[in-house]
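Among the features that TrEMBL reports, domain 'ABC3 transporter permease C-terminal' is placed at 65-170. The transmembrane segment annotation in TrEMBL covers 18-37, 57-80, 110-131, 159-182, 203-224, 230-251, 289-307, 585-606, 636-658, 670-695.
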Amino acid sequence: MFFNLAWKNARRSRRENLIYFITLVTAAASFYVVMSLEKQDVIRFLATIERDAVQCLLRLLMPTVYLCALLLLFFLVFFANKYQLECRSREMGLYFLLGMKRGRLFVQILLENLLTGLAALCGGLASGIFLSEILSLASARLVGQGIIAHEACISLRSMAWTVLGFLAVQAAAICILGGRLFAAELHSLLYGKMSKKQNAGTLKGSIATLIIGGAALTAAYVIVIRCFTMAGGMMLYAAVLTGIIGTVLFIRGLSRVIRLGAGYIRRPFSRGLFIFTLRQFQENIVNKYITVSAASILIMLAIMLITDGSSGILINKSQLTRTYAVYDFTITGNNAAARDFLTSEAMAPYVSQLNPMETGAISSPEDDSASVLDWSALETVIWENLTPEEKNVAENAVNFSFDPATSPALNLYGLFATGGEDPKLIPVSAYNRLLTAAGEKTIHLEDDQAAFYINPDFLDVVLDDLTAFLDRCITDSKEPLLYFNGNPVYLIPCVPMKGITADENIQIFTGLIVPDALFYENTHEESRMTYWNFCVPQAMADQKGLMGSIMEICDILNTSGLTYESYLNNFGRQLFYIISGSYTALYMGFMFLIIACALLALEFLTQMQTTMDRYKTLAILGTQRSQMKRSLHHQVLIFFLLPAGLACISAAAGLYAMQIHLHTFSDHQAMLHPLMLVMAAAVLAILAIYTFAVARTGDRAIAKI
């Protein structure tokens, strides 16, 4: 009989309190999604390339992720169970009145929640598995390359951790809430708590609070947009603190102004239940302004994280394309061993466009009296193209960041100031072999000519502007811009820039392409470094796919004892950074959004339970249920729109600041607009689902009057 009672109560709770059950299902699904990260197609692919990084993520960071997910899960479960127990407080009081002992009642509540939790786990795990597969397919699709094959997989380990964590959090929440319940007096359980007396304050004080809150929010927006990086980032903390205070004061002041303004509204604006709706709404805000403010901040964070996570995938996707990469493999080390291995008959089917790319440091003058290279003429031309503000920045800057928003003249000046004046020398014959492999036209250098090389692997975001500005300087100048050992050297314009190695881990930022004779005359043999580059033969790539061919050659090179890097290493490294950052941002964004919506929904329904007598009074006075339901719908809509609208304004300011100071979206607007519409639709859909569920729950409560 005891079990049957618990079973019936659990089934009734699921049926009557849909939001409670949906919140539990959502919590279980989100928990499984984050725990099954290791089974994602992209992560499994990365594990074959960047094993150390992936193992570090899964073994060292996953416990932290697990605890954070547990914390978020606890908030969801706690608020859901808090609302559920408050709705059943009268029932609990009757159990006590009939003589049920507290221990037995606690066991019954625990059993009911266990049954409800198991049902939520079934739905949550099913939804989580489905969402995990969708995310796996979507991430592989966004990455592209045609390299990641989808493999449906259910993680039993993740399921076990989800069940264990969910039930533990459920039990902890029930213990905390049960203690509060049993500490309450019997009268308060049977008849509910007395409504708190509202302190509406004066009209002047309310308006002042509203104005101060609005001013604080405006100040926070100005600080975050104009002073984002000032004081070592401390201004950002000031903006966050000011924004939180402004949000709380603005919502509190607005609710009081609505309360006081409702008393001055006269016909024809006060027809029907307009005044009742307005007073109910302001009472919800007055009693719960801290909760509403917290929900608004969570929605703001959710919008920013979802936008940043989704845009990050598309913005950084260019790093996964082979815009400037030419070679698939680079071998370093013993030159004789590398030459013998790569030119052997066994490797002939796997090697194409073999190019020993030599680089060397410029030999220092014997008397150390002067520098071998003199860039003063070019630096003068660059300096003349700087504005007074840019000259001030150039003179006082310690570090330079290469930003598309910065003028190419300042970027080029920063390049020389950070080591560009001492570039590596590259023989023109080796670079011409690179251009031939890339399908580009080769260059010809006379004895007094050279070409300035900028590695696109590290400066791709500003490369086009840099090379265009440099070409213009070279073309417009009638005098030599470079002197080599006191001899004039003329730079040639319009040189195609390509990556000289297969992997970005080999860091060569700048170089000077010179005639072969000049290269060997001005570099010592011990300072020269040879990178043995080659490509996968096209026939093999067509037959087995580029990535499949690279992985097959990697298996062969692993047995050779040679040190090598492949394009796959660079691809995997960039993919790891993109996926880990974007996946985390998206997950946290949607979790914050769900918590905010659940918080608003449960707080509204809790407040509605305490004011249900007012609806009964309206019914006695002859008000139709349809009118009360319409009033309720308006309350729900405004209750959700107020924090969401304020969150959208704050998020817009935050995203604008991120675009200015962190990364720009202007070059990717065509790709971002469809994705932004999808993400906005997802956010609105979640808000609409919770709004609709709250309205339906309220309708059922009114129908019982």
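A Cβ is built for glycine as well, from the same backbone N, Cα and C atoms used for every other residue.
Unlike curated entries, TrEMBL annotations are predicted automatically.
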Legend entry - Same-chain residues near the transmembrane segment (203-224), Cβ under 8 Å, at least 6 residues beyond its ends: 235-236, 238-240, 242-243, 245-254, 256-257, 259-260, 649-650, 653-654, 657
Inset, instruction - Run through the domain 'ABC3 transporter permease C-terminal' (65-170) and tell me, per DSSP, how many residues are helix, strand and coil. - result: 89 helix, 0 strand, 17 coil
Inset, instruction - Answer yes if the transmembrane segment (585-606) and the transmembrane segment (230-251) have at least three CB pairs under 8 Å among residue pairs 6 or more apart in sequence, and no otherwise. - result: no
Inset, instruction - Could you give the residue numbers and ranges of same-chain residues that sit at least 6 residues beyond the transmembrane segment (289-307) on either side and whose C-beta is under 8 angstroms from one of its C-beta atoms? - result: 243-244, 247-248, 251-252, 255, 585-586, 588-590, 592-593, 595-597, 599-600, 603, 639, 642-644, 646-648, 650-651, 654-655, 658, 676, 679, 682-683
Legend entry - For the domain 'ABC3 transporter permease C-terminal' (65-170), the mean pLDDT of the predicted model: 78
